[in-house]
Each structure stands twice: as C-alpha cells, then as structure tokens.
Amino acid sequence: MGLLFVELLPRHGDGGGPASAVLKCRRCRVDAASADAILSRDFRGRFGRAYLFDHVVNISLGPNEDRYLMTGLHTVKDIYCSCCQQILGWRYEKAYEESEKYKEGKFILEKARMWKEAR
C-alpha cells in the first residue's frame, strides 16, 4: 500500500470571499465536503439527518448494493473516510424510479458522522 493522499478543501469561498465551513470526518477530522456545496438538507440516513452533495473528497467506495430506501429501490455504494475507514454515507449509483434519477452519481453524508469546522 502506498502513501495516503489527502485533499484539503480551499480555505476561502469562490473569488476570495468569506471563508466557508468545511464538513470533516467526525472520527479523524479529515476534510470531506464544503458546507457551501450542500445540494439538499432534506435527506435521512441510518443515523438521522443527512445531506446531498455533488462532490466529496477523501473517501473510498464500497461495492454496489441494492437497498430499499424511503424513496424506493436504489443501487448504492457505501462511502468510507479514506483515512480512518469510518462509514460516512453512500453514493447513489442507480435509481429505479424516474423521479429519483437526479440522485445518480451524488453523495449522501450523514450529519452524525460529520464535524463542522468554521473557517
């Protein structure tokens, strides 16, 4: 196994504006996503509230798994912190309902597994 590459999120908002908060793995505090990049806060995960994102960093993916979620059957991959292997949420691979297709390729991060750091 080689060296672990950790991606750090920018310290300032786009255009050098005010600094934005960063969501980090609660266990090891490695960056996972910018709070400004949350697409929706209206999701529920295994541990309560969850957020939808287009892009997250410092994760590894588990195998495809079919799951019945609140909105129907989806194929998902669990996402793990690349540093400590804590499960952080999942990525939608396939949605079987036409109304849920917008989720494909997007990520869910569970609020209970995140630490919010204001920058």
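The backbone N, Cα and C atoms fix where each Cβ goes, glycine too.
Source: prediction; values computed, not measured.
Residues or ranges marked as Zn(2+) binding site by Swiss-Prot: Cys25, Cys28, Cys81, Cys84. Residues annotated as domain 'Yippee' in Swiss-Prot: 21-118.
Feature map: Swiss-Prot annotations on the structure.
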residue	record	Cβ within 10 Å
Cys25	Zn(2+) binding site	23
Cys28	Zn(2+) binding site	15
Cys81	Zn(2+) binding site	21
Cys84	Zn(2+) binding site	13
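In sequence order, Arg26, Arg27, Arg29, Val30, Asn58, Ser82, Cys83, Gln85, Gln86, Leu88 are the residues of the same chain, not among Cys25, Cys28, Cys81, Cys84, whose CB sits within 8 A of the CB centroid for the Zn(2+) site.
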